[in-house]
Amino acid sequence: MFKYQDGNYEGYVPNDGYYRGGDEPAHEEDAQSDVTEGHDEDDEVYEGEYQGIPHPDDIKAKQKKRAPAVDDEYRDRADLMAERMEDEEQLAHQYENIIEECGHGRFQWTLFVVLGLALMADGVEVFVVGFVLPSAEKDMCLSSSNKGMLGLIVYLGMMVGAVVLGGLADKLGRKKCLIISLAINAAFAFLSSFVQGYGFFLFCRLISGLGIGGSLPIVFAYFSEFLSREKRGEHLSWLCMFWMIGGIFASAMAWSIIPHYGWGFSMGTKYHFHSWRVFVLVCSLPCIASLVALKFMPESPRFLLEIGKHDEAWMILKQVHDTNMRAKGEPERVFTVSYIKTPKQVDEFIEIQSSTGTWYQRWLVRITTTFKQVWDNVLYCLTAQYRMNTLFLAVVWFTMALSYYGLIVWFPDMIRYLQEEAYESRVKIFEEEEVSHFTFNFTLENQIHRNGEYKNDKFIGMKFKEVRFEDSLFEDCYFEDVTSSETFFENCTIMSTVFYNTDLYEHKFINCRLINNTFLKQKEGCHLDFEEDNDFLIYLVSFLGSLSVLPGNIISALLMDKIGRIKMIGGSMLISAVCCFFLFFGNSESAMIGWQCLFCGASIAAWNALDVITVELYPTDKRATAFGILNGLCKFGAILGNSIFASFVGITKVVPILLASSALVGGGLLALRLPETRDQVLM
């Protein structure tokens, strides 16, 4: 482990000395490379020359530095940073040439599937809570506030995970941090399917969201570093399709599993494993599959070069080259690269020996040092060189998230509201009915009974759904094994009546006179009393919304490198804003579903282009950090959008529509101020 010395960390100082600036003797300039050892007596690296042939400019630069030889610790930090910046620029162009020599083939497509499964897990996580809420609220006795918190807690975890784990990926490595992210998500998603209490379930979903939130910035940074400039925009856009596949997978699994309430088991009266818990379990499978497959993939060689690990990076690039050449039927093709530029390592560290302090003191130093480095990277994104780009991107990410996530919650809520209105319009009203010596053993649904009299009646093994008794009399009646949902007794008189094994609790009797009644063995806990006929609409709306982004994904992938990232973002956001205005005409379920599909299909191109441009605007040692910050801000926008838009359901459509439209227009116009990145190499 290492001790942090300077305030602006740029990487890890290796002991192998591949690049030492200017302390090499002149007579060693023509030394040959030994690629099996990774270095020789002359460790100077030459841009674009794979066989160790010196470039005249490099010879001049080296002669300038040769005398007097000064240790880095005595050199001005500005000189060291300038030298590193020059090295990074040379590395960027050389690395681009190397990736082109490696080609695009089997290796990239294998990594595409592995990282796609991780992105699919992120898409699944967004939908899981929304699908299980109708069942979980009854299974765990959730109040409205509890349901709201459960819906937002995943986004909160994603927000924290994106910032923290994205930052760590620039210090610990893409592969290592992605494995940590997926392991956290898989473990706590799996655990959440078994826990019974609301508090523990909430905690598990929070940590699960933290893990999967950290995977998103790492996935795009990781994959982009194996792609050439000509392939990057297109193939990062194809990768985004896995988010859509995740939404389709979650919708299909919810539709096929959750309605089958019998798919589960119980252990006594306290532990119940119902079908919605089976669904939560199944939804962890993409994450687990990606986690297993990732163990067989290498670290990003671009990241390894940034921290000075030349040999490891060279071996991985050779593996990429050989894998692709074998797949193309050209196994005889030789990887011609011998040297790769490694940037000047600025910060200095000293090894902490095992005898230094206690084990927890050593770990404390490691942790605090690492997080100090992450914080320095965060601040670097706000330096003069990147400040305006970061601020513009932050606004665009936020406005997209506010509108998109707000509307995808608002759409199903509005559809459900329209259904409830239609349901209430079909209510049956019974006035002054008199029933005596009758046995009710069937379901009563969507009824209002006023001024009725029920004497010596039996209510056995029946269900009440959306039933209200108003100003009625119950005398000498018997209720047994009765289950109710949204059922209330208002201003009723209930006399000499027995309630046995029912869920007719005290709060269901509003301003009633209860005289000489007996309550025996009332039902405990919460129950899934009814299989909601309209719950499938939640799955259908989400399924169609996810499927509708397929055309947008295809179009954005094919045009990303032709029209550019900026036009893609601006055009997509402005078209999405126009789609929002047509929501004023959505007065039926089918119309709302149609406009939702159109909006999702139009907006996906902006999401894809945002992912691409965010990867390309920042250097390798800041890439995942910047993506994590912006994606964390995106999740904050999602939290606000969910809260604001849901509060207007059933009140007005004007505010959500105008808010979403104005945010999209503002973000789309501001996006046009960003620099175009399709022709630049990854720094």
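FYI, residue positions are counted from 1 along the chain as it appears here.
Keep in mind that glycine also has a Cβ here, set from the backbone N, Cα and C atoms.
Where the annotation comes from TrEMBL, it is an automatic prediction and has not been curated.
On a predicted model such as this, the values are computed, not experimentally measured, just so you know.
If you look up TrEMBL, you'll see 21-30 marked as compositional bias 'Basic and acidic residues'.
As annotated by TrEMBL, domain 'Major facilitator superfamily (MFS) profile' applies to 111-678.
The region 'Disordered' feature in TrEMBL is assigned to 1-68.
If you look up TrEMBL, you'll see 109-132 (among others) marked as transmembrane segment.
Here TrEMBL flags 152-170 (among others) as transmembrane segment.
Outside the transmembrane segment (177-194) by six or more residues, the chain places 118, 121, 125, 128, 161, 165, 168-169, 201, 204-205, 207-215, 218-219, 222, 273, 277-278, 280-281, 283-284, 287-288, 290-291, 294-295, 624 with a CB less than 8 A from a CB of the stretch. Under the heading transmembrane segment, TrEMBL lists 177-194 (among others).
The transmembrane segment annotation in TrEMBL covers 200-224 (among others).
Summarising the annotation, TrEMBL assigns transmembrane segment to 236-258 (among others).
Beyond the transmembrane segment (278-297), the same-chain residues lying 6 or more positions past its ends with a Cβ under 8 Å from any Cβ of the stretch are 110-111, 113-115, 117-118, 120-121, 124-125, 128, 131-132, 175, 178-179, 182-183, 185-186, 189-190, 192-193, 212, 246, 249-250, 253-254, 257-258, 263-264. The annotation transmembrane segment is assigned in TrEMBL to 278-297 (among others).
What TrEMBL records for 391-411 (among others) is transmembrane segment.
According to TrEMBL, the feature transmembrane segment maps to 536-559 (among others).
Taken from TrEMBL, the feature transmembrane segment applies to 566-586 (among others).
Summarising the annotation, TrEMBL assigns transmembrane segment to 592-613 (among others).
The annotation transmembrane segment is assigned in TrEMBL to 625-648 (among others).
Residues 389, 392-393, 395-396, 398-400, 402-403, 406-407, 410, 565-566, 569-574, 576-577, 580-581, 583-584, 603, 606, 613, 617, 644-645, 648 of the same chain lie 6 or more positions beyond the ends of the transmembrane segment (654-674) yet place their CB under 8 Å from a CB of it. Taken from TrEMBL, the feature transmembrane segment applies to 654-674 (among others).
Per-stretch counts of Cβ pairs under 8 Å to the transmembrane segment (625-648) identify 152-170 as the leading one among 152-170, 200-224, 236-258, 536-559. When Cβ distances are compared across the two stretches, the transmembrane segment (109-132) makes no contact with the transmembrane segment (592-613), since fewer than 3 pairs at least 6 residues apart fall below 8 angstroms.
Averaged over the domain 'Major facilitator superfamily (MFS) profile' (111-678), the predicted model reaches a pLDDT of 83. Among the listed stretches 200-224, 391-411, 536-559, 566-586, the one sharing the most Cβ pairs under 8 Å with the transmembrane segment (236-258) is 536-559. Highest Cβ contact count with the transmembrane segment (391-411) among the listed stretches 152-170, 200-224, 536-559, 566-586, 592-613 falls to 592-613 (criterion: pairs under 8 Å). Ranked by number of Cβ pairs under 8 Å to the transmembrane segment (200-224), the listed stretches 152-170, 536-559, 566-586, 592-613 are led by 152-170. Contact between the transmembrane segment (592-613) and the transmembrane segment (152-170) is not supported: fewer than 3 Cβ pairs lie under 8 Å, counting only residues 6 or more apart in sequence. Sequence-distant contacts of the transmembrane segment (536-559) (same chain, six or more residues past either end, CB-CB distance under 8 Å): 123, 127, 130-131, 134, 234-235, 237-238, 240-241, 244, 246-248, 250-252, 254-255, 258-259, 408, 411-412, 415-416, 419, 568, 572, 589, 593, 596-598, 600-605, 608-609.
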